[in-house]
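Q: Have a look at this one before I ask anything.
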Amino acid sequence: MMKMTMKMMVHIYFVSLLLLLFHSYAIDIENEITDFFNKMKDTLPAKDSKWLNPTCIFGGTMNNMAAIGEPFSAKCPPIEDSLLSRRYINKDNVVNWEKIGKTRRPLNRRVKNGDLWIANYTSNDSHRMYLCTVITKNGDCIQGIVRSHVRKPSSCIPEIYELGTHDKYGIDLYCGIIYAKHYNNITWYKDNKEINIDDIKYSQTGKELIIHNPALEDSGRYDCYVHYDDVRIKNDIVVSRCKILTVIPSQDHRFKLILDSKINVIIGEPANITCTAVSTSLLFDDVLIEWENPSGWLIGFDFDVYSVLTSRGGITEATLYFKNVTEEYIGNTYKCRGHNYYFEKTLTTTVVLE
């Protein structure tokens, strides 16, 4: 009985020690996070920091993109930030928004589920700053700043799908509405005809349309129409995006790699050599070529030796450039590696004096 008691005491001691260490470590992490945001606050321009309440914790800044004539929404930075969100995501918290600049103006009528919501973003809203304040049920407050910037959405985004790539999962088409959340629903059209989401040929998950059992006939124009409700006037707002889908037959992804075995150079002069991949695939960017130095490191845009990649019409080339050949390069062997999802090939070339 005494032995069991001693074992239990030792066990309890070690468990307590581990809990104490973990608690101490957690406190250190929290303190480091707070210090990080305090330092960020210190770097703010005076014209921004003057709007902050000195009694509130600072929770960072965010830059959000917006599209003219479309809805725009933004979360308060401490709720969106991965370091702080677990502290401040709580349905009982209150989030207030203000527009700041020359003056400050409350925006409580432009709030949806705690997020800033602008139903029709105009050029007058561009580059504006917004201050949000999260008030917890304990009365603590934390503030963040959001800046909005205009970005014009692409009119129609081309997308290519090759049969046999991942047919059992289907083709995923993403409706690229990234400027506003809280939409009601999304309807999809193919070639101006509404798609019936029957969960057989077509299914829908959030912003994605999934086309099952892909076929060449699935090529076409796909439009997604996103429906919103305005906070104030309850009018339906519709925003659209477009994809041009081209379904192609399964391709032959084999390719031929071409490279001279020697680089003839002259000391003190520049030199270059090109490694070429010739593909029969319709996917012109199917093959990627990389150069490796004698130590096996990839060569990028270094000062003395660098590589430039080009691709056109099924031919991919990577040219290795020597800015100024010195004796240390003589005898070095460089590897050209061509690869795609299916195949990989390598060839080598050696630097020799002419």
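Cβ coordinates come from backbone N, Cα and C, glycine included.
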Q: With the disulphide bonds as Swiss-Prot has them, who is the partner of Cys275, out of Cys224, Cys242, Cys336?
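A: That would be Cys336, the partner Swiss-Prot lists for Cys275.
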Q: According to Swiss-Prot, which residue among Cys156, Cys175 is joined to Cys224 by a disulfide bond?
A: Cys175
Q: Look at the disulfide annotations in Swiss-Prot and name the partner of Cys132 from this list: Cys56, Cys76, Cys156.
A: Cys76
Q: Just how many other Cβ atoms lie inside 10 Å of the Cβ on Cys224 (disulfide bond)?
A: 23
Q: Can you grab the distance from Cys336 (disulfide bond) over to Asn324 (N-linked glycosylation site)? Cα atoms, rounded to a whole Å.
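A: The separation of the Cα atoms works out to 20 Å.
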Q: Check the DSSP secondary structure of Asn124 (N-linked glycosylation site), expressed as helix, strand or coil.
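A: The three-state answer is helix.
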Q: Count the Cβ atoms, other than its own, that fall within 10 Å of the Cβ of Asn124 (N-linked glycosylation site), considering every protein chain shown.
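A: Around the Cβ of Asn124 (N-linked glycosylation site), 6 other Cβ atoms lie within 10 Å.
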